[in-house]
Amino acid sequence: MSQLLHLGTSFVPSSSTALRRNPTSSPTIHISGNKRTTIQAKIREIFMPALSSTMTEGKIVSWVKSEGDKLSKGESVVVVESDKADMDVETFYDGYLAAIMVEEGGVAAVGSAIALLAETEDEIAEARSKANTSPSSSSPSPAAAEAPEKAVGAPEKAAPVKAAATVTVAKMASSAHPASEGGKRIVASPYAKKLAKELNVDLGNVVGSGPMGRIVAKDVEAAAAAGVSVAAEDPKPSPSSAPVKVPASTGIELGTVVPFTTMQGAVSRNMVDSLAVPTFRVGYTITTDALDALYKKIKSKGVTMTALLAKATALALVKHPVVNSSCRDGKSFTYNSSINIAVAVAIDGGLITPVLQDADKVDIYSLSRKWKELVDKARAKQLQPHEYTTGTFTLSNLGMFGVDRFDAILPPGTGAIMAVGASEPTVVATKDGRIGMKSQMQVNVTADHRVIYGADLASFLQTLAKIIEDPKDLTF
Amino acid sequence: MSSLSLWISSSVAVTARSESDHRLRLLSSSSATIATSPALHFCCLRTEALKLGAKSNRWKVVAAAVAPQNGSASDEFDYNLVIIGAGVGGHGAALHAAEKGWKTAIIEGDVVGGTCVNRGCVPSKALLAVSGRMRELQDEHHMKAFGLQVAAAGYDRQGVADHANNLASKIRSNLTNSLKGLGVDILEGVGTILGPQKVKYGKVGSSGNVITAKDIIIATGSVPFVPKGVEVDGKTVITSDQALKLEFVPDWIAIVGSGYIGLEFSDVYTALGSEVTFVEALDQLMPGFDPEIGKLAQRVLINPRKIDYYTGVFASKITPAKDGKPVIIDLIDAKTKEPKDTLEVDAALIATGRAPFTKGLGLENIRVETQRGFVPVDEHMQVIDVDGKLVPHVYCIGDANGKMMLAHAASAQGISVVEQISGKGNVVNHLSIPAACFTHPEISMVGLTEPQAREKAEKEGFEVSVAKTSFKANTKALAENEGEGLAKLIYRPDNGEILGVHIFGLHAADLIHEASNAIALGTRIQDIKFAVHAHPTLSEVLDELFKSAKVKINTSSPGVAPVTV
């Protein structure tokens, strides 16, 4: 344990003397280290210290100091968790903590840079730009080279996170701060405050829904899920006045280039991948009068139209397993064992498809409750992967916007997706020669023609239409 | 009876003499019993036992055998010893006195067991047992690491409250039975000292009964301290007394004071789903703890939980919730007294410490003045009057004297007083009394903190060293997936004396006793480090701690003054 007592030695400048402390460092790396040192003489890198002889990587438990803080020799700066213990690491130099390169919770290999220390205040900006432009600028010590890739990648991973945070901050600055403007206090629960800090949400922009209008955790989560697009009309929310949310379309700065969020990146990849799948489309018009009547009847029990449509689709899929199949390798296809209906949901900054698992087996009331739960989780960005990646058939419904028909792109890995339009009163001619009024909606299925053929879709749609036009089976 | 072995360890010559004195005295008093008692063989047995020598276990057997007789007071007094207050301190003293064969009475104005059993340590441990389990079950990551799958954990508030209440009742009846079993008279009512060796007891306002006693121990304990400006309504603004009943679990509770009471309650409330705001007058949370332990504890017990805090502020005014308004707490700067902030919360728990409960004791009748409510005593717990003179036959133990406000300290003081009265000079070494905070994980300590040790070292001119071990290196802790923790040893490298030990980690409260016993018995590091610990156990944390200390001499040589190298 003796090494634990000599932590100070871990904070060293990226000079050759420092590197010499590491007995295993190779000479070539010394040179590269020296080169960099001559460029930024007064900006020192703070390395992940070796706290024990067996330590290859360390986790940052917490930063005791924040960026911009003045440090004096001997002060604790960061708490590092090694394989044996958590230790406070002290600085051996006076200066300013210019940039944190590995955030709390991040892992870095022993010897890799975790932060930059500027000697004077003027150099903070320079150090920051260095940290941002070359996040992986840490000299790869032998330990890092030997360590698993994960460890080496850690500092790099931290950089995008930081970049994203900066974007959020910039966005927030442009939105209004009604609460603080009014000079009113912000009442937020301890956890709400903690979350706000973590999620980078300005409490001044959050409307509280807790007792006495206090901001509670779920308000912050909602605000974070909705970006920072929540603004309050009333500077001090009173318990009686319903929170007013105004989408911050005004918060978008025109002409700016915005990098994809993780979600947008994922959507983008999926969409490009879908081009490799030969798809075709089949449409059908379904009369919904009976479904509407049923919906009206059981709406009060918490049943939603989405759940009804998912249920109907699932029941139709039971009879047409091929439509619920998927082809992944181009040589074979799988009859999926369960019918999992994914439903596309638009959330701020993207699109996600929460999955109603075993929609054919679960009763309509449970299904509705499940759906509500999934939507809440999706808004709070808390969906677990198995809750949005396990769909076997996808529903996309734009009917609520009055869209009468559209066309969906097939998500790779599934067999078919159904686009549902609005149900609208339509004048129709009946077989007995009369003219009548019926509510009708158009559905349009996109399917992978490698496994699902026109006749399959046609008979599936016929079954679906029958179920919806006589929906007694939906409620069991 | 571990306490007895402690006394035996004191200077050989003194012990021998006082023991023989004591034997004589008891023999004479027992001969008085023989005259009146039909149970003659008991007395013979006792005489026999005393002749055999006073080994601690022997004492116990003898005492139990004579117990129903409850000894007998000399002709002058109704009792040998009257104890005012049947808390843990009074109970400890009464048991020890009864074991010595003294005629003993204990006066209790409320319920047997006092604060500890009814409104303190005991029910809070029941709540903390629940919170520990909740915490574990809610920690998905922790469960996953074990390969366990648990559905969402929930709790029934009344069930939790009942557990605490049932535990208190059980311990209370155990305590009462142990007193009755040893023949201690339990006198109901408020005890007042009327004059030297004279006590009145009975309901307030009634004339009461007057009894005489050769010696009197005041053990009236303490009540929660409520600062000025705080209005306790018992519903939304509460003290630990009400909090332990767990009548409701607020969404948001402010805890005023971040000492061990506040910390334990924060552990309970956050496990049950509340969010907590600490209000601490000092600049740092957990001011009583060793700073390093406090820092680590804050990182584990506060930062990751739904807790925020204000330090360096006083709660100058706390108004209970009424008329649809929440509890309002006005905060002022502790130094400048300027208004700082206002909190609006669902409940406030006042955990600002405890105040001695010494009113109505009739201290004026023996010319004693309390200091901030505490009864002044000397190192033998004998009460000191206004002139600074010792009051004969009156002692005060426990929270009422304020020396160390812990249940087990009160009990140790009570036993010490009984020893003192029976002629064995005895002083409690408070530096060997451990303390524990039962959070998850627990915190425990004995002796000096590092700053205290360094200050003492500076004054007395010796060197101080610190050794530390982590629970992360302990097999048992890792098996439990509870590697978070630190043990810290503060010692003198020149002679191996243990100055203080602080532990933060799984079962720290149970681990501290190896260190506290070592301090109590004067065991040095160079000796204890050869003691063997079972593997794999948490005790190996202390094993490693002692082994990692660097003492400059190899073995201690008893009787020879330590040599500085």
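Cβ atoms are placed via backbone N, Cα and C, with glycine included.
Unlike curated records, TrEMBL annotations are generated automatically.
The structure displayed is predicted, hence computed values, not measured ones.
Straight from TrEMBL, the features:
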{"type": "ACT_SITE", "residues": "B:His535", "note": "active site, proton acceptor"}
{"type": "BINDING", "residues": "B:Lys125, B:Gly191, B:Thr220, B:Gly221, B:Ser222, B:Asp399, B:Met405, B:Leu406, B:Ala407, B:His408", "note": "FAD binding site"}
{"type": "BINDING", "residues": "B:Gly257, B:Ser258, B:Gly259, B:Tyr260, B:Ile261, B:Gly262, B:Leu263, B:Glu264, B:Glu280, B:Gly353", "note": "NAD(+) binding site"}
{"type": "DISULFID", "residues": "B:Cys116-B:Cys121", "note": "disulfide bond"}
{"type": "DOMAIN", "residues": "B:79-414", "note": "domain 'FAD/NAD(P)-binding'"}
{"type": "DOMAIN", "residues": "B:433-544", "note": "domain 'Pyridine nucleotide-disulphide oxidoreductase dimerisation'"}
Report summary line: The sparsest Cβ environment within 10 Å, among the recorded positions B:Cys116, B:Leu263, B:Met405, is found at B:Met405
Query raised in the report: DSSP says what for the domain 'Pyridine nucleotide-disulphide oxidoreductase dimerisation' (B:433-544): how many helix, strand, coil residues?
Result: 41 helix, 29 strand, 42 coil
Query raised in the report: Which of B:Gly257, B:Gly259 (the binding-site residues) has the most other Cβ atoms within 10 Å?
Result: B:Gly257
Query raised in the report: So around the NAD(+) site, B:Gly257, B:Ser258, B:Gly259, B:Tyr260, B:Ile261, B:Gly262, B:Leu263, B:Glu264, B:Glu280, B:Gly353 aside, which residues have their CB within 8 A of the centroid of those CB atoms?
Result: B:Ile255, B:Phe265, B:Met286, B:Ala351
Report summary line: The answer, for which of the binding-site residues B:Thr220, B:Ser222 has its Cβ ringed by the most other Cβ atoms inside 10 Å, is B:Thr220
Requested in this report: Quick one: among the recorded positions B:Cys121, B:Ile261, which has the most Cβ atoms sitting within 10 Å of its own Cβ?
Outcome: B:Ile261
**Report entry** Reported mean pLDDT - the domain 'FAD/NAD(P)-binding' (B:79-414)
**Finding:** 94
Query raised in the report: Taking each of the recorded positions B:Lys125, B:Glu280, B:Ala407, B:His535 in turn and counting other Cβ atoms within 10 Å of its Cβ, which one has the fewest?
Result: B:His535
Requested in this report: Measure from the Cα of B:Ser222 (FAD binding site) to the Cα of every one of the recorded positions B:Cys121, B:Gly259, B:Leu263, B:His535, then give the nearest.
Outcome: B:Cys121
Query - Cα proximity to B:Thr220 (FAD binding site), best match among recorded positions B:Cys116, B:Gly259, B:His535 - result: B:Cys116
Query raised in the report: Given the recorded positions B:Cys116, B:Cys121, B:Ile261, B:Leu263, which lie close to B:Ala407 (FAD binding site), meaning Cα to Cα within 10 A?
Result: B:Cys116, B:Cys121
Query raised in the report: Taking the residues the record says bind NAD(+) (B:Gly257, B:Ser258, B:Gly259, B:Tyr260, B:Ile261, B:Gly262, B:Leu263, B:Glu264, B:Glu280, B:Gly353), how far apart in Å are the two Cα atoms that sit farthest from each other?
Result: 15
Requested in this report: Have a look at the recorded positions B:Cys116, B:Lys125, B:Met405, B:His535 and say which one has the shortest Cα distance to B:Gly257 (NAD(+) binding site).
Outcome: B:Met405
Query raised in the report: For the FAD binding residues given in the record (B:Lys125, B:Gly191, B:Thr220, B:Gly221, B:Ser222, B:Asp399, B:Met405, B:Leu406, B:Ala407, B:His408), what is the largest pairwise C-alpha separation in angstrom?
Result: 30
Query - Secondary structure of B:Glu280 (NAD(+) binding site) (DSSP, helix/strand/coil) - result: strand
